[in-house]
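Student: What follows is a single structure, and I will ask about it in a moment.
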Amino acid sequence: MDLFLQQVLNGLTLGSIYGLVALGLTLVYGILHVPNFAHGALYMVGAYVAYFTMVDLGLNYWLAMIAAGAVVAFLSVLCERLVFHPLRNAPPIHDKIAAIGILLFLEAVVQMYWGADFRRMPTPYTEILHFGGLTIPAQRLLIIAGAFGLMGALHLYLKKTMTGATIIAMAQNREGAFLVGIDANRVAMMTFAIAGVLAAVGATLFAPINLVYPAMGHLLIMKAFVIIILGGMGSIPGAIVGGLIIGFAEALGGFYISNEYKDVIAFALLVVILSVKPTGLFTKGVR
Amino acid sequence: MLKLENVDAKYDSFKALDNVSMTVGQGELVVLLGANGAGKTTLFNTISGLLKPSAGSVTLNGEDVTGRRPSALVQAGVVQCPEGRKLFPEMSVMKNLVLGAYVHRRDKAGIKKTLDHVLEMFPILEEKKNQAAGSLSGGQQQMVAIGRALMGRPKLLMLDEPSLGLAPLVVKQMFETIQTINREGTTVLLAEQNAFAALKIATRAYVIENGRLVMEGDRDTMLGNEAVRKAYIGA
């Protein structure tokens, strides 16, 4: 039983990070119809910014997280302005190619400056907590609390503020949004900034129990796409639930089936769920 | 207040508006008659800034607004209630209305006042205010759409086929509402296929065919015109 609970906890940790990353991806897709393959690279840049803010500048973990959020949000908006905005009337394939271009560019730049070494990010939260038979590293608790806290904050922002409402409005009816006077550029920049913050915070939370290296975003972005397809493209609850499903499937599958195959499980699950429900789990409303 | 001069609009190489010139005066209720595909919606979207004219100019109260962005035009008081309503289906009725006042978002007291007025005009929306807009009947959704447009405090309200798909009794109420809005001082440009009902409340009317304005006249001239009666009234 304890072993099972331990896996549930691992699944929750993984799932909350996957959810955060997928949330940014699904927001951008649902509102601007851009499949942002560069999102994984933004996540990677977030981890590097946090790492160097802590190691080189000697600032604490939380300041590093804020720095990562700010830098990546800026970078994300810059991608929108310089790349996706000029392509807004181009065929969708151009967005895809451009996004892959940004991904390769960011990786190359990071590798040029900081090399391809694997780095371990320090964290001030190294205690191991014990609850009954459960062993819980404090960083994992922080990941779960941080991720869900941020999701809650995003939910409030989207539901309670006027700016948040414009983002939802744009997703539900683009032309309707224009006709009430919502500025498409503002919403686009806002959405990219939010996606950037989610990726950077996700990276800063997850990096201490993982490694920091230029290709760290690859598998994650693949899984994030699996998650948003599974949850329904553009769906916010879909991204969160989808993230948790993949997180749990990996943790439990990795433990009970085979650890070598844990990355395959996400994709196998995608095949199974899409054959039962081809439109994804939550497809209401947004495309 | 609104003046179009020699406006052309294109979808790729297809010319959807051809040399359109029209005026809408302060306080008027101008009806635009035309069959499906004649260019009514294209004309509206061009005035709203969703579509950029390929030639010609649009002026609003003497100021050139050709090619401005939709948000700038809403700010200037040109608000469209589009065909097909274009509501935010999963948001509540109240949220749809409040978003209609997006350009006035800093003016909380003003929003409250307009909202009260809209709810007074459509009391049923008060009852349904917490329901998702997409769950309402067609007639109620049309009320939300008109209400949302009114929340933008239009100087010129453009209504694109508001009677489309509504029951006859509801259509009658809809036209009464439009007349009320006009009498309260809002200039109205109304596109309709329901020519008789629309002309009855109109000041003037234009007829559009294949992207060209082919006829213009005041209410009585249009109602008495043989060609209009044959083509659009069927009597």
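Residue 1 is the first one shown; counting continues down the chain.
Placed from the backbone N, Cα and C atoms, the Cβ positions cover glycine too.
Caution: TrEMBL annotation is automatic and unverified by curators.
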Student: Transmembrane segment per TrEMBL sits at which of A:12-32, A:159-179?
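Tutor: Feature transmembrane segment in TrEMBL: residues A:12-32.
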Student: Given A:39-58, A:239-258, which one carries TrEMBL's transmembrane segment label?
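Tutor: Here TrEMBL associates transmembrane segment with the stretch A:239-258.
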Student: Any chance the transmembrane segment (A:239-258) and the transmembrane segment (A:96-116) have 3 or more Cβ pairs under 8 A, given the pairs are 6 or more apart in sequence?
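Tutor: When sequence-distant Cβ pairs are counted, the transmembrane segment (A:96-116) does not touch the transmembrane segment (A:239-258), since fewer than 3 lie under 8 Å.
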